[in-house]
Amino acid sequence: MATMSSISKIIFLATCLIIHMGLSSADFYTVGYSQDDLTSIERLIQLFDSWMLKHNKIYESIDEKIYRFEIFRDNLMYIDETNKKNNSYWLGLNGFADLSNDEFKKKYVGFVAEDFTGLEHFDNEDFTYKHVTNYPQSIDWRAKGAVTPVKNQGACGSCWAFSTIATVEGINKIVTGNLLELSEQELVDCDKHSYGCKGGYQTTSLQYVANNGVHTSKVYPYQAKQYKCRATDKPGPKVKITGYKRVPSNCETSFLGALANQPLSVLVEAGGKPFQLYKSGVFDGPCGTKLDHAVTAVGYGTSDGKNYIIIKNSWGPNWGEKGYMRLKRQSGNSQGTCGVYKSSYYPFKGFA
C-alpha cells in the first residue's frame with residue numbers, strides 16, 4: 001500500500017497547488033481548517049486525513065483517494081475564497097467536501113414535486129391561518145419540544161419523506177403532547193405515487209399518512225433503500241393526521257403566520273455549491289428557485305439585524321449548524337431565498 005509520502009509526491013507532480021494566504025477571520029472549529037493548512041501539499045494531506053477520520057471516509061483504492069483529495073482541495077479553495085467575501089454565512093469542510101457539485105446533486109438533490117394531479121386542488125381560501133397577522137417576532141419549534149433529532153437520508157433521494165415526517169411529528173406533539181420519531185422508510189416503501197429513493201411528492205406522502213397513519217421509526221426503521229411495503233406486517237399503533245393544506249405561494253406573511261403555529265414542509269433549490277458546503281450563519285445564496293430538495297421549516301428569528309427562517313435538513317448533524325440552516329428572509333424576492341416560499345404544506349390533526 002502506498003505511504004502518505006508517496007501520495008504526496010504523486011499529487012505534487014500531478015497538480016500545481018495555488019496557495020491562498022487570505023486573512024479569513026473564520027474560526028477553525030467553524031470552517032474546519034486554518035490558513036496554515038493551505039501553505040503546503042503536506043499540510044493539505046494531513047488536513048484531508050483528519051477530515052477522513054472525522055467523517056468516517058474509506059476509499060476502495062489509492063487512485064480513488066487521490067481523486068477525492070483533488071476534489072477536496074478544490075472545494076477547500078472555493079470555501080476559502082468564499083469566506084473572504086464578508087458574507088453573512090460561512091462555508092466549511094462538511095461531509096460533502098470530497099464530492100464534486102455534480103456528484104452531490106446526483107446523490108442528494110433531484111426530483112421533488114409539489115403537486116400530484118390525482119389529488120384535490122387547494123386554493124388560498126382553504127388556508128387555515130389566512131387571518132393570522134399578529135404572530136411573534138421569533139419562534140423555534142425545537143425549543144418547544146416539537147422537533148426530533150436531525151436524521152440522515154443517506155444516498156437516497158428521500159428528502160420528501162423526511163420533510164413530511166418532520167411536519168407530522170411536529171403537529172402530533174403540538175396536539176397530543178407526545179413527540180414520537182416516525183418512519184420515513186414507510187413512506188419510501190408505501191407511498192405508491194412517489195418514487196422511493198428517486199424522489200417524491202409532498203402531497204401524496206401527506207395523504208398517505210392521512211389515509212393510513214404511519215408507524216414509529218423503531219417499528220419500521222430507515223434503510224436508505226426502497227423495499228416492498230411492509231406496513232401491514234408491522235405491530236403497534238400508528239400516528240395519523242386528519243389532512244393537510246397548502247400555504248399560499250410566494251407570500252412571506254402567510255408563510256410566517258403558518259410557521260408560527262407549526263412546522264412546515266417546504267421545497268428549496270439546494271443544488272448549488274454554497275448550499276452543499278454551508279457550515280453556519282444566515283444563508284442568502286447564491287441560489288435560484290428551481291426547487292430540487294425538501295426540508296422542514298421549524299422556526300424563524302433575527303440575529304445581528306438579519307432575519308431568517310430555521311430549516312431542518314436531512315443530511316445528518318455534520319452538515320450546517322448541527323443539521324440546520326438559517327435561511328435569509330425578506331430577500332426582496334417574493335419567492336424567498338432559494339424559493340422557500342414557493343411550495344409549503346402543513347398537516348392538521350383534529351382541527352382545520
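Placement of Cβ uses the backbone N, Cα and C atoms for every residue, glycine included.
Looking up Cys287 in Swiss-Prot gives a disulphide bond whose other cysteine, out of Cys229, Cys338, is Cys338.
The disulfide partner of Cys190, as annotated in Swiss-Prot and taken from the candidates Cys156, Cys159, Cys229, is Cys229. Among the candidates Cys159, Cys197, the disulfide partner that Swiss-Prot records for Cys156 is Cys197. In sequence order, the recorded positions near Asn313 (active site) (Cα within 10 Å of its Cα) are Cys159, drawn from Asn86, Cys156, Cys159. DSSP assigns Cys229 (disulfide bond) to coil, not to a helix or a strand. For the recorded positions given as Asn86, Asn313, the lowest number of other CB atoms within 10 Å of the residue's CB is seen at Asn86. Within 10 Å of Cys159 (active site), counting C-alpha to C-alpha distances, fall the following of the recorded positions Asn86, Cys229, His293: His293. Packing around Cys287 (disulfide bond) is summarised by its Cβ count: 20 other Cβ atoms lie within 10 angstroms of its Cβ, all protein chains included. Comparing Cβ neighbour counts within 10 Å across the recorded positions Cys156, Cys159, Cys229, the minimum falls on Cys229.
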